[in-house]
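Student: Pulled from TrEMBL, these are the listed features:
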BINDING   GLY74, VAL77, ASN81, ASN339, LEU468, SER472  Na(+) binding site
REGION    676-739  region 'Disordered'
TRANSMEM  68-86  transmembrane segment
TRANSMEM  98-119  transmembrane segment
TRANSMEM  146-168  transmembrane segment
TRANSMEM  228-246  transmembrane segment
TRANSMEM  253-272  transmembrane segment
TRANSMEM  300-321  transmembrane segment
TRANSMEM  333-354  transmembrane segment
TRANSMEM  456-482  transmembrane segment
TRANSMEM  494-513  transmembrane segment
TRANSMEM  525-547  transmembrane segment
TRANSMEM  568-595  transmembrane segment
TRANSMEM  615-637  transmembrane segment
Amino acid sequence: MPKNSKVTQREQSHEHVTESVADLLANEEPFDYKSSSLNVGAASEKRVPQIEAPENDGRPAWNSKLQYILAQVGFSVGLGNVWRFPYLCQKNGGGAYLVPYFILLIIIGIPLFFLELAVGQKIRRGSIGVWNYVCPRLGGIGMSSLMVCGFVGLYYNVIIGWSIFYFFQSFQYPLPWSDCPIRKNGTLAIVEPECEKSSATTYFWYRQTLNTTSTIAESGGLNVKMTLSLLVAWIIVCLAVIKGIASSGKVMYFSSLFPYLVLFCFLVRGLMLKGSVDGIAHMFTPKLEKMLEPQVWREAATQVFFALGLGFGGVIAFSSYNKIDNNCHFDAVLVSFINFFTSILATLVVFAVLGFKANIMNEKCVSENAEKILGFLNSNVLSHDLIPPHVNFSRLTTSEYAEIYGVIKTVKEDGFARLGLYPCLLEDELNKAVQGTGLAFIAFTEAMTHFPASPFWSVMFFFMLINLGLGSMIGTMTGITTPVLDAYKVQKELFTVCCCIVAFLCGLLFVQRSGNYFVTMFDDYSAGLPLTVVVILENISVSWVYGTKRFMQDLEDMLGFRPSIIYFYLWKYVSPLCLIVLISATVIEMVIIPPGYNAWVQELAQERFQSYPRWALVMCFALIAVAMLPLPVVFIARQFNLMSDGSNKLAVSYRKTMMKDMSNLEEQDEARSILRAKPGEAPPSTAARRPFLTPGGNKPLDPNSLSPNMCYGTGYQNAAISPTTPSTPPTPATPESDS
């Protein structure tokens with residue numbers, strides 16, 4: 001027997017041995033489950049403030065804390081910060097919108113972000129492994145997250161493909177969307193009618209980029225340019241994630257930091273443009289009455305929810321590669337506020353540029369209407385007496401036009417409408433804010449045509465969009481690959497390549513001529529409701545099933561300090577209530593507002609709302625059903641023991657250690673007989689055992705209650721507790737009482 005074994009040590013010390021075999025096993029080190037699971041039972045009476053991760057668990061790790069923070073920032077900061085937050089801010093009261101957004105960030109965003117970081121770091125598994133372990137019956141949470149990641153990744157990479165196309169088109173002077181194309185009809189050259197009715201940037205987007213059809217029912221065949229762009233996008237994503245965090249972490253250094261450089265450059269350049277101050281002033285002029293509208297709070301909650309990437313699994317996957325004692329509370333607060341200030345920075349940039357664009361468009365409106373007035377004066381429709389003597393039509397200012405417009409409207413009260421004059425108010429132009437693709441590919445591109453050195457700024461802008469999208473796509477793909485690689489022994493590189501190939505083939509749906517309508521469909525239906533359901537179930541499984549007190553104790557063991565008591569109430573009451581209200585509002589909105597999309601009508605050269613055909617409606621609700629299907633299926637299957645609880649795949653290294661120790665049970669039992677306290681004393685028939693305590697240390701757990709079907713994933717501990725006793729029948733889990 002080795003000299004340093006515990007049995008030999010106690011023989012030399014002549015101590016009275018009263019420990020059981022389970023105690024000997026429980027004292028053996030290393031215990032892998034302590035660093036890879038939310039440990040419920042077998043807590044020692046003397047709690048260790050920090051739990052070290054095993055050195056040999058074989059799991060990859062981040063090279064540095066900075067790399068990890070940049071990965072989380074790159075995942076959470078995406079295209080929505082640039083083209084959705086500014087739109088919501090203007091739509092919902094300007095500066096007043098920041099108040100509900102910030103409040104909901106504090107009471108929903110940070111707590112739930114902290115929760116996902118903590119469970120990923122503690123259990124050290126992807127989304128499927130984490131929720132299988134916390135509560136096997138709710139293991140469908142991780143599978144639903146994976147489904148949503150798949151749906152979102154399909155269309156999100158299409159947007160990156162659009163940005164790649166515009167990026168390469170930007171290496172031209174003048175920019176190809178600066179002017180309308182000229183159509184030659186024999187010796188006659190005319191401006192393209194569709195472009196003349198809309199604008200050069202709108203025409204380039206809908207006709208020359210997408211070549212879109214007028215309805216979703218018209219496929220129109222594949223768009224070759226967009227298909228090639230999508231292929232390039234998937235190749236870039238595949239190369240970025242093929243080696244796991246070893247490659248994606250390095251990519252994050254550039255993809256996360258470069259957008260900030262571009263945003264600061266655009267802000268400085270934008271503030272130098274004429275009218276930029278008008279845009280920023282319009283943006284931050286608060287409309288306080290908007291704060292009383294429920295719709296504002298609902299949209300703020302939705303934006304907080306999606307801005308941080310909650311429920312996708314990427315947050316959990318990234319944090320699972322951390323050291324066990326990493327301060328994930330600090331990370332949650334830091335990344336959340338970086339995300340918030342990025343949205344503010346992007347809003348400043350967007351409205352500085354849109355303010356410049358609004359002034360350009362307003363001057364164009366004044367010029368066109370001034371020509372109309374001159375025509376009316378020359379044809380004696382209007383009297384020259386209506387025009388103030390100081391007005392010079394060759395240099396007509398906005399204020400002078402407003403004065404003339406007011407006079408003509410007063411004098412020609414009855415026949416004014418027939419003149420076809422417009423007021424040309426700057427406020428009207430500023431109110432024409434657009435979101436999503438309309439902001440990036442129409443409004444912003446139009447503004448950049450008026451920039452000096454416009455190709456340079458266009459290249460920078462679309463390169464920034466590619467990097468923002470790439471950071472989010474890396475997190476999305478990690479949310480898919482990490483859970484699968486944790487559960488199954490497959491080659492990482494091969495699996496990643498196969499995922500990208502399958503995703504590209506499925507993505508061909510979005511590069512048809514009608515593909516942008518399917519992008520809208522997937523954006524509206526594949527993520528919204530399913531993701532909200534996933535997050536509320538995450539919240540409930542930790543705070544109500546696992547137990548908030550137990551979770552707080554686990555955090556104290558892991559971090560070395562106890563988080564503020566406010567998190568207890570936020571996780572247990574506030575966040576679930578807010579999420580229930582959000583789900584209810586989302587369902588009501590889906591019922592009230594008819595499902596549809598904005599189609600580009602070529603004859604009218606403008607968008608028109610159209611309802612989805614019946615087959616498209618079925619497809620919309622199928623996306624929701626498929627994403628949420630794993631939740632009830634897994635619950636029913638595990639409730640009736642039709643599926644294993646999944647915990648057997650979560651503690652492989654621990655079980656190997658345990659089985660190795662169990663193989664020496666006979667030797668250990670013989671040693672106990674030899675090491676009895678007094679000569680001639682028979683070995684005790686039942687060894688004394690220490691009580692199994694909850695992390696709180698005050699509630700003994702019945703070892704026999706730790707069944708494989710419990711919602712804490714600790715069923716395999718039975719073998720260590722009673723290796724020779726047959727396992728008891730599964731007993732249903734009961735939520736922990738926090739009273």
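Every residue, even glycine, has its Cβ placed from backbone N, Cα and C.
Unlike curated entries, TrEMBL annotations are predicted automatically.
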Student: For the binding-site residues VAL77, LEU468, which Cβ has the most other Cβ atoms within 10 Å, all shown protein chains included?
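Tutor: Comparing the binding-site residues VAL77, LEU468, the most crowded Cβ belongs to LEU468.
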Student: Counting Cβ pairs under 8 Å that sit 6 or more residues apart, are there three or more between the transmembrane segment (333-354) and the transmembrane segment (525-547)?
Tutor: no
Student: Test the contact criterion for the transmembrane segment (494-513) and the transmembrane segment (300-321): 3 or more CB pairs under 8 Å, pairs 6 or more apart in sequence, then answer yes or no.
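Tutor: They do not touch: fewer than three Cβ pairs between the two stretches lie under 8 Å.
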Student: Other than its own, how many Cβ atoms are within 10 Å of the Cβ belonging to GLY74 (Na(+) binding site)?
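Tutor: Its Cβ has 29 other Cβ atoms within 10 Å.
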Student: Beyond GLY74, VAL77, ASN81, ASN339, LEU468, SER472, what residues of that chain have CB atoms within 8 A of the centre of the Na(+) site's CB atoms?
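Tutor: My list of surrounding residues reads VAL73, PHE75, SER76, GLY78, LEU79, GLY80, SER256, PRO259, THR342, GLY471.
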Student: Would the transmembrane segment (456-482) and the transmembrane segment (300-321) count as touching if the test is at least 3 Cβ pairs under 8 Å, pairs 6 or more apart?
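Tutor: Answer yes, regions in contact.
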Student: Given the binding-site residues ASN81, ASN339, SER472, which one is most crowded in terms of C-beta atoms within 10 angstroms?
Tutor: SER472
Student: For the transmembrane segment (300-321), find every same-chain residue at least 6 residues outside the stretch whose CB is under 8 Å from a CB in it, and list them.
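Tutor: For the transmembrane segment (300-321), the far contacts come to 59-62, 68, 71-72, 75-76, 78, 80-81, 84-85, 88, 92, 97, 100-101, 104-105, 108-109, 112-113, 116-121, 123-127, 130, 142, 145-146, 148-149, 152, 245, 328, 331, 335-336, 339, 343, 472, 475-476, 478-480, 482-483, 527-528, 531-532, 534-535, 538, 578, 582, 586.
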Student: Per the definition of 3+ C-beta pairs under 8 A with sequence separation of 6 or more, do the transmembrane segment (98-119) and the transmembrane segment (525-547) touch?
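Tutor: The answer is yes, given that the two segments have at least 3 Cβ pairs within the 8 Å cut-off.
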Student: Do any residues, 6 or more residues outside the transmembrane segment (615-637), come within under 8 Å Cβ-to-Cβ of it, and if so which ones?
Tutor: 137-141, 143-144, 147-148, 151, 216-217, 521-522, 524-527, 529-530, 533, 537, 595, 643
